[in-house]
Amino acid sequence: MPHLGPTLLLTSDTIKQSLGGAALDSVHEYRLSSWLGQQEDIHRIVLYQTDYTLTPWTQRCIRQADCIIIVGLGEQEPTVGELERMLEGSAVRAQKQLVLLHREDGPPPKGTVEWLNMRSWISRHLHLSCPRRVFSKRSLPKLRELYQRVFEKPADRHSDFSRLARVLTGNSIAIILGGGGARGCSQVGIMRALSEAGIPVDIIGGTSIGSLMGALYAEDRSHSHMRIRAREWAMEMTSVFKKVLDLTYPITSMFSGAGFNSSLSNLFKSKQIEDLWIPYFNITTDISSSTMRVHTDGSLWRYVRASMSLSGYLPPLCDPKDGHLLMDGGYINNLPADVARSMGAKVVIAIDVGSRDETNLTNYGDSLSGWWLLWKRFNPLAEKVKVLNMAEIQTRLAYVCCVRQLELVKNSDYCEYIRPPIDRYRTLEFGKFDEIAEVGYQHGKTVFDVWCRSGVVEKMLKDKHQEEFHTQSKNSVSPCQSNVEKDKSN
């Protein structure tokens, strides 16, 4: 956090060292309040660390905090502590966030839902991968010496701790991946270029194919792993044999969905959205209530499947929570940058791979025979016709419904809009994965190089309140409107 501005950590020991051993007594309440107010005026961030029990200092920390952080070890049982029970029963209005620590050489997060179910008052959670030194026991002097050396090094903007700092201070960067079938393979290349440009990802969300690509990145935090897994899945989508096996009598859809479900469940196993390293969401269309659904918890493969359920091809997915029927999110919000903004993102990078209308289509009259089209396609002497297939029609329907929303996204001051040159690729051309991904990479590399040279990336990473804080500090105006966090260890 120091790179965001002046930062101060306060404990009961530091208070006694600064103001005397009796500083926390009730008779010195006014003096302590005035001193704390001064510290908040001259520091961008003040971290209040509580005692292990409900002492007067702990109560003071809770009263002062704008955000209360509950820190837990992800590998331990999610037992609710004494201070947490107090928080649950009190009328504290501060935002409460759960931070779970994991060993960087240990297993990925698992069982987060148990932590959250026992703490219904938590507003959000984050997973942090930590080096071994975080879990080792040291005396306080040695601990201070260690972290003085650590803080001498430049902060890694891609680390989970940097992500936590950006989230707490309102500086998070969101990546939004739109829907568009096989054109979404270009998002794999763009994520590679994004990483090479040094742009961190704090929130990731998507619709349809974007929900799949976003989930892969949120699970591994690695564009290389994302590419390997996405390519394997894309190649599986080219199997004619598997498609034939999944054909069914088309009352609701052409395919039963069993084969598609299997491909996604094999990809994500039993992973829950809550267990992803990076905060993730996806969008579905609830046709039971005609509303947009934003999914931030639950079975990952199921909600990715729901977000990719094109009408006519796959049946709606029945939400296991309420039984509502969920369809492709592209029908209601194909590029949900506004959702990421509502989740606190300062900057949203939106990657659009939706279809664009082609006006140069064949006028075939009032009816259309598929046999006629088939003859035209295979007869080398016949005049070629341009007619949309079913998948392209479905994709266009989704895109048309979101035209107004897309224009709002493109014109918003918080959004950086990117569209790679992928219009020549069809919705189901997953066999061209490598080619499409390379197009995305080259386009992303060009865009991000321009951003780096023109200062766009630097602006993204700059603290949005830093200039305001320095102005207020210089002019000695009212206390800074900064985020004040409280770090609590169970």
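Every residue gets a Cβ built from N, Cα and C, even glycine.
Here TrEMBL flags 206-210 as motif 'GXSXG'. Distant neighbours of the motif 'GXSXG' (206-210): 176-185, 187, 282-283, 307-308, 328-330, 333-336, 351, 353, 398; these residues of the same chain sit at least 6 beyond its ends, with a Cβ under 8 Å from one of its Cβ atoms.
Sequence annotations record features per position, and here TrEMBL assigns active site, nucleophile to Ser208.
TrEMBL lists Asp328 with the feature active site, proton acceptor.
Residues or ranges marked as region 'Disordered' in TrEMBL: 467-490.
What TrEMBL lists as compositional bias 'Polar residues' is 472-483.
A Cα-Cα distance of 6 Å separates Ser208 (active site, nucleophile) from Asp328 (active site, proton acceptor).
All chains included, 30 other C-beta atoms sit within 10 angstroms of the C-beta of Ser208 (active site, nucleophile). Using a 10 Å radius centred on the Cβ of Asp328 (active site, proton acceptor) and all shown protein chains, the other Cβ atoms total 28. According to its DSSP assignment, Ser208 (active site, nucleophile) is coil.
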